[in-house]
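For reference, the structure discussed in these notes is given below.
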Amino acid sequence: MSVRRVVILGSTGSIGMQALEVVAANPDRFQVVGLTAGSSAGQLAEQAERFGVRETALGAGDSERLVRSVDADVVLNGITGSVGLGPTLAALESGRTLALANKESLIVGGELVKRAAAPGQLIPVDSEHSALAQALRSGAAGEVSRLVLTASGGPFRGRSRESLRQVTPAEALAHPTWDMGLVVTTNSSTLVNKGLEVIEAHLLFGVPYDRIEVTVHPQSVVHSMVEFVDGSTIAQASPPDMRLPISLGLGWPDRVPGTGLPLDWTRAHTWTFEPLDGEAFPAVALAKCVGVAGGTYPAVFNAANEQAVAAFHAGAIGYLDIVDTVERVVDAHEPQAELTREGLAEAEGWARSAADRMLGR
């Protein structure tokens, strides 16, 4: 393959830094031509100097302008939160291949993003959706029976709802598998993140919500599965390492040799799968309802959750109040008739204000 010119959005975050590792290890495949960050100007400057990058930007607005102006083959969106929607649309509208780690932009943007994307232009970087994309190569679209997303279960797997009432912010940040930021790690503990991933899977692959399931897999080795109509199940398995889906996102449809360590089949392995406890973790069922409703509901779901997570880490509310607040805000929402960027921003603003009012902030 020829050298691909890459723009990395959110280069100072976890995904962005691992993407730079992939690029550094494969100079014959990738060249960084643009870097952006939210606020870490010093770190961004260091990265630009290291990789010889002239085009940099701070903030989502400048990131969007950079995406439209820089001549690139692939844009990796590693921004956290719905502020990534503008850069996502900019990449798609500019004809770049979009390696998407910023799930919120797809979930919030919904049909706006789908309409902007040409076939094969949007490549998922989330480990679960990268796994699904790989497994879906094994059959035709009409042969797919179900998508099965795996979840580690987070740090509170096996606990009852009542026992979660006293969870502290520090406990919520102790993820058993992945090293992520504050919001994503908290979302993984509440399983809001898995709920968002269900919506993302529907939008990416067009499979109805009643054929998308979640199973708990504590070892986090099987990243997702596709069940076909003949009863076959195709799974993608690898040791947990985000560099693998990142490299696939940058190189798709080609694989990048030597990106991750293979499983060691000379030793015994135990992989377990168990049903999700919907009573203790209602976020997945709520997210499915939100996804079915569509429109501005996913934007409201995501924004209300961000406000509730911030309140939890500020010590203003309890752990169970996070998802309870999101549900109350979603129930109070009156959707807009037409989906536009302006309408989405308005719905998000309403959701944040509504969440704050309900939380007494």
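Including glycine, each Cβ sits where the backbone N, Cα and C put it.
Listed in Swiss-Prot for this protein:
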BINDING   T12, G13, S14, I15, G38, N102, E104, G181  NADPH binding site
BINDING   K103, S127, E128, S152, H175, S188, N193, K194, E197  1-deoxy-D-xylulose 5-phosphate binding site
BINDING   D126, E128, E197  Mn(2+) binding site
Pairwise Cα distance for T12 (NADPH binding site)/E197 (1-deoxy-D-xylulose 5-phosphate binding site) [Å, integer]: 23
Cβ-Cβ distance under 8 Å to D126 (Mn(2+) binding site), same chain, at least six residues away: L100, A101, K103, E197, E200, P245
E128 (1-deoxy-D-xylulose 5-phosphate binding site) and E104 (NADPH binding site), distance between Cα atoms, whole Å: 15
Nearest-integer angstrom distance between the alpha carbons (Cα) of N102 (NADPH binding site) and E128 (1-deoxy-D-xylulose 5-phosphate binding site): 13
Residue, out of the binding-site residues E104, E128, E197, whose Cβ gathers the largest set of other Cβ atoms within 10 Å: E197
Additional residues around Mn(2+), ordered along the sequence, whose Cβ is within 8 Å of the centroid of D126, E128, E197: K103, P124, S127, H129, S130, L132, L149, N193, K194, E200, A201, S224
Least buried by Cβ count (within 10 Å) of the binding-site residues G13, G38, G181: G181
Same chain, 6+ residues apart, C-beta under 8 Å of the C-beta of I15 (NADPH binding site), given in sequence order: L76, G78, A101, V125, M242, I246
Greatest C-beta neighbour count within 10 angstroms, which of the binding-site residues T12, N102: N102
C-beta crowding around N193 (1-deoxy-D-xylulose 5-phosphate binding site), within 10 angstroms: 25
Other CB atoms within 10 A, centred on S14 (NADPH binding site): 17
Between G181 (NADPH binding site) and N193 (1-deoxy-D-xylulose 5-phosphate binding site): CA-CA distance (Å): 12
Neighbouring C-beta atoms (10 Å sphere around the C-beta of K103 (1-deoxy-D-xylulose 5-phosphate binding site)): 27
Separation of alpha carbons, E128 (1-deoxy-D-xylulose 5-phosphate binding site) and G13 (NADPH binding site) (Å): 20
